[in-house]
C-alpha cells in the first residue's frame, strides 16, 4: 500500500511538472478553463491522447501483418520479389575489419587478414562484398516502408479534408488519435527495429518529436483548428512522396517521373507556401492578438519553425532530385534512402561475380607492384 501511494505521488508530481500552468499558459489562464461546463459539449483532454502510445505500440504488431497479407502480395503482383538469401560464414577478424573500414578495406589489411584467417584474398574480398550486400535495405523493404506510409497518409488526407469541411468533433478526435499513434509508431520503429535504414535518421527523430509535442499541446490547449490544419498540410504531400518511391523501386520510370511532378507541386504548395505564409504566421504572429506570451508559446513557435526548417532541407533534396532529370535524363535515386557509398539493391549474382573478378585483378596488381618495388 505504501509503495502504491509513493508511485501515485511520483506520477502526480511528474504530471504537474510536465503540464505546469505557468509554463504553458502564462499568468492569465488555467487548465480548468479548458473543462467544459456543459456535459453535452466535449472539450479536448490530454489524457485521451495518451492512448496513442498504446496504439503506437500495437501498430508495431499490426504493421507486419498488413505487410504480409497486403503489401507483399501487391508488390509480387507488380513484379517485385524478395532478395535471395546470402550465406556468409562467421569470421570475427573479418567482422572487426568490416566495422572499422566499411566499404574501403585497404589492401594491406586484406593481406594481413589473409594470413590471420588462412583465407585467400579473393575469399576475403567476396566476404566483404557479401557482407555489404546483406547490410543493404532491399527493394521490397523500401517498398513496404513507403506503402505503409502512403496507405496511412492517403486515408488521413482525405479524412482531414472531409472533417475540416464542417469541423466534425468526433472525427477530429479520431484523426488526432490516429496521427499521434502513427508518429509514436514511426519513432518506435527508428529505435526498436534493427534493420531500419534512413540517411536522415536524426532529422526524422527531430521531426517526429516536434510533431508529437505539437499535437499534444494543440489538443491540450484546444488549439484544435490550427493543429488540424498543420496535420493536413503535412499529410497532403506524403502520399505522392511514397508513391513516387514505390514506382522507382518497381523500375517504372515513366510513372515515377509523373508522380514526382505531383509530389513537387503538392510539396512546395503545402509546405513552402501554405504552411509558412498562412498557418505558421497565424500560430506565431496573429495569435498574439488573443493570448499573452508564455514559455509554452515560445516552445510551440520554436517547434513550428523547426518543422519549417526541415521542410526547406527536404525541399532542397527534392529539387536536387528534380535536377537529375534535366542533367541525366532520369530520376536516379532516392536521396534519403541510402548513402553514396552504398550499393544499389539491383545488384545480382552477375554483379557479385564481376566485383570478385575486379577484386582479384586488383589484388594481383598490388602483389605485382610490391614485388617490383
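Each residue, glycine too, has its Cβ placed from N, Cα and C.
The DNA-binding region annotation in TrEMBL covers 83-139.
The compositional bias 'Polar residues' feature in TrEMBL is assigned to 356-373.
Marked as domain 'Homeobox' by TrEMBL: 81-138.
Per TrEMBL, the feature domain 'TLC' maps to 127-327.
Among the features that TrEMBL reports, region 'Disordered' is placed at 332-373.
Outside the transmembrane segment (51-75) by six or more residues, the chain places 140, 143-144, 147-148, 151, 177, 180-185, 187-189, 192, 250 with a CB less than 8 A from a CB of the stretch. The feature transmembrane segment is assigned by TrEMBL to 51-75 (among others).
Residues or ranges marked as transmembrane segment in TrEMBL: 171-192 (among others).
Summarising the annotation, TrEMBL assigns transmembrane segment to 258-278 (among others).
The feature transmembrane segment is assigned by TrEMBL to 298-323 (among others).
DSSP labels the residues of the DNA-binding region (83-139) in these numbers: 37 helix, 0 strand, 20 coil.
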